[in-house]
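Just below is one structure, and these are the notes that go with it.
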Amino acid sequence: MKPKSGLTRFHNCFILRDSKIIKEDLWIRDGKIENPEQVFYVEQLQADVTVNCEGLLIAPGFIDIQINGGWGVDFSYDSENVKEGVRKVSKELLSHGVTSFCPTMVTSDLEKYRKILPLIKKSDGGEHGATVLGVHLEGPFINMAKKGAHMEEYIKTPNEGLKTVEEVYGSLDNVVIITLAPELPGAYEAIKDLTQMGIKVALGHSTASLAEGEKAVECGANLITHLFNAMLPFHHRDPGLVGLLASTTKQQVFYGIISDGIHTHPSALRIASRTNPEGLVLVSDAVAAQGLADGNYRIGPQLVTVEGGRAYVTGTKVLCGSTTGLDECVATLKRSLDCSLEYALEAASLHPARALGIDDRKGKLNFGYDADFVMLDPEQIKIKSSWIAGECVYKCDKN
Amino acid sequence: MRLIILEDASVVADWAARFVLQRITQFAPGPGRHFVLGLPTGGTPLGMYRRLIDFYKEGRISFKYVTTFNMDEYVGLPRDHPESYHYYMWNEFFKHVDIEPSNAHVLDGNAPDLVAECKRFEDLIAAAGGVHLFIGGIGPDGHIAFNEPGSSLVSRTRVKTLAYDTLEANKRFFGNDISKVPRQALTVGVGTVMDAKEVMILITGAHKSLALAKAVEEGVNHMWTVSAFQQHAQALFVCDEDATLELRVKTVKYFKALSEEHQRMIAGVPVHEQRVLH
């Protein structure tokens, strides 16, 4: 009897590695991706388990850095059973190929931050659900003029920089991204201090000029929240935040894009992607109605009707947020851009990992990386199974 | 010596793979009874490896009880460098078949004591009971493994400093920068290969035709090290038409006339019966 090597080999598959889809086996052990060549020559071991993938494509697990809820759960509203809500969404996300995500809270009152924030802890994923990378706080330090659906009465200015930010949110322990408007008083100081602490700052819900945007980037901001939405439209004399895509600042600026086929016109997607291909980060920006069957619901303070998978404010044709999973966003992006499948997949995995600075362990299928991945049908971009730390956490029953 | 002249490189690849299949199958390896194979790298044997992988996938051959020894490796090149022979063997062959990692031996060009590494390799071959079939290619200057012109024809596994011509020829694999080409290599000796029970040399392409002519039509000469195999009891040269360009018409006709006999070698005729063929 040979000793157990603890190695699993996935074969008869294609994998996305170094931005290319190649015919290659994937080897994993102890939740990490292994280098089989080194296992063969140095350790002289063989795999305990060999999985025949029947020609499927293995891609890094998707990372959603902006998701407000889903399946009836609203992260910003349900303060009574936060843990249950996060658990539910994280479980459901697995079927969309999302293996890590940032639960996102929109502008809320102080009490909600106090109640909800401490309960959304960073946690490792598994069969129970996707990895919680940390919370994305969208607001309240946003520009009133670009508030979108955010509640006006809770909007604030970060007058005293980090001090105000901490006063409003309470502890920042569970936070990884903060979306704010850089033109607000105290914002630059806040950006400097937050990014020093390792929190990523995203610019959004803002009327910032390009100069203000560039200054924010110099202070450490590296993201733009849902590009084109809730910011000044592109103007040739002052391109505003959109201009950051082609700015001469040295840092790579990433930008969230909702490619659900509704929020951003395909042509706008192409403009963004061609100007700054490496910065495109797919986000679902999904709301509580994501994943619900057609019918009437009460989500937070709102009555919502779901019809054909789209969520409307009941009695109107007003869309109340995206209801599209990240897997569909990948498919839509590919269609809209007519880009390679590699690029579309990396926009949902490698790019967000880079934006968060976790691309040393997630977002790629390189040796030593976390074995978070999806198996998909490359033709239809359909998730067949999702894996976290080498464990199968979701399997599609349907063919 | 046999010279088997086939149509082109793909037929050579197929023939060589069938020959390996035939030899391993006849040997009927099993636990405690390993077939020992000597293996080359490079462009010429690539097609043979691919055919062997096909045979494996079709369930016609298993490498579970096959032990392999590779001919050579650069010194100081990282194991996972795309030009290292470890990398080649892993990607072109080992990872596709069921060979046991502990039975696949490649010289370690990064060993702290290179001389000891060469001795270890020779000892391993001896411990495996010698090589049943050594497969090799040749360079345009008639070298086998890294036994360049002038190498001793009774040499054993050792460290070789590479000739300038070899560095020049190999720089295309290292970004055309001769300073990046390793200066030294570990290689089995001509004597090491000569000890194998059977040797099969693959030669394809017009650029190898002079080397083939020197190997089979002229005398044994250390300036064309592969010519040493004229004195091997069971050596066969498998070449394509292009590689015969420098041979005499008479030589080509003589060996082509025997082609029917040669085809029997891959047709399941027991090895002991083949020994009477020539």
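All residue numbers here begin at 1 and follow the chain in the order shown.
Cβ atoms here come from the backbone N, Cα and C positions, even for glycine.
Annotated features in TrEMBL:
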- A:Asp285: active site, proton donor/acceptor (ACT_SITE)
- A:Glu138, A:His205, A:His226: Zn(2+) binding site (BINDING)
- A:Ala149, A:Asn229, A:Ala230, A:Arg237, A:His263, A:Leu319, A:Cys320, A:Gly321: substrate binding site (BINDING)
- A:58-387: domain 'Amidohydrolase-related' (DOMAIN)
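Looking at A:Ala230 (substrate binding site) and A:His205 (Zn(2+) binding site), their Cα atoms lie 5 Å from each other. Confidence annotation: the domain 'Amidohydrolase-related' (A:58-387) carries a mean pLDDT of 93 in the model. The candidate set comprises the binding-site residues A:His205, A:Arg237, A:His263. Of these, A:His205 has the most other Cβ atoms within 10 Å. By the criterion of other Cβ atoms within 10 Å of the residue's own Cβ, the least surrounded of the binding-site residues A:Ala149, A:Ala230, A:Cys320 is A:Ala149. What surrounds the Zn(2+) site, by Cβ distance within 8 Å of the Cβ centroid and not counting A:Glu138, A:His205, A:His226, is the set A:Gln66, A:Val106, A:Gly139, A:Ile142, A:Gly148, A:His150, A:Thr179, A:Ala202, A:Gly204, A:Thr225, A:Asn229, A:Ala230 from the same chain. Among the recorded positions listed (A:Glu138, A:His205, A:His226, A:Asp285), A:Asp285 has its Cα nearest to the Cα of A:Cys320 (substrate binding site). For A:His226 (Zn(2+) binding site), the recorded positions whose C-alpha atoms fall inside a 10 Å radius of its own C-alpha are A:His263, A:Asp285, out of A:Ala149, A:His263, A:Asp285.
The binding-site residues shown are A:Ala149, A:Arg237, A:His263, A:Gly321; of these, the one with its CA atom nearest the CA of A:His205 (Zn(2+) binding site) is A:Ala149. The sparsest Cβ neighbourhood within 10 Å, among the listed recorded positions (A:Glu138, A:His226, A:Asn229, A:Asp285, A:Gly321), is found at A:Asn229. In this structure, the CA atom of A:Gly321 (substrate binding site) is 7 Å away from the CA atom of A:Asp285 (active site, proton donor/acceptor).
A:Ala149 (substrate binding site) and A:Asp285 (active site, proton donor/acceptor) have their C-alpha atoms 13 Å apart, to the nearest angstrom. Distance from the CA of A:Asn229 (substrate binding site) to the CA of A:Glu138 (Zn(2+) binding site) is 13 Å. With respect to their backbone Cα atoms, A:Arg237 (substrate binding site) and A:Asp285 (active site, proton donor/acceptor) stand 30 Å from each other. Cα of A:Asp285 (active site, proton donor/acceptor) to Cα of A:His263 (substrate binding site): a distance of 10 Å.
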